[in-house]
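Visitor: Okay, here's the structure, questions in a sec.
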Amino acid sequence: MAGRSEEDQQLLQAIQIIKILYQSNPCPTPAGSRNARKNRRRRWRRRQAQVDSLATRILATVVHGSQDNNLVDLPPLEQLNIRDPEADRLPGTGTVDPGTKDN
């Protein structure tokens, strides 16, 4: 066995990418108030779900080949990042349900 096959190389590269994804979302720190810890854990779980979804798609693409019926085209993996979309909002710019009335 002088070297690895191309399929093995692709699988190893996918595993390295998945490892980097998981390492980019460390567990939240236990510091702060109870509410702050709760919010950090909630945001972490949401990001972790995104990482799980991406990892599943990456691994499925490598193992089973690319699917032609993808509804969304993914950008190159080098451009993907994990961020909290709620952190980008300005305070007070949340969505308001017009069906509710203020009492």
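For all residues, glycine too, the Cβ spot is worked out from N, Cα and C.
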Visitor: With Swiss-Prot as the source, identify the stretch among 16-32, 33-49 annotated motif 'Nuclear localization signal and RNA-binding (RRE)'.
Guide: 33-49
Visitor: For the motif 'Nuclear localization signal and RNA-binding (RRE)' (33-49), find every same-chain residue at least 6 residues outside the stretch whose CB is under 8 Å from a CB in it, and list them.
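Guide: Tertiary neighbours of the motif 'Nuclear localization signal and RNA-binding (RRE)' (33-49) are 25, 27, 82, 84, 86-87.
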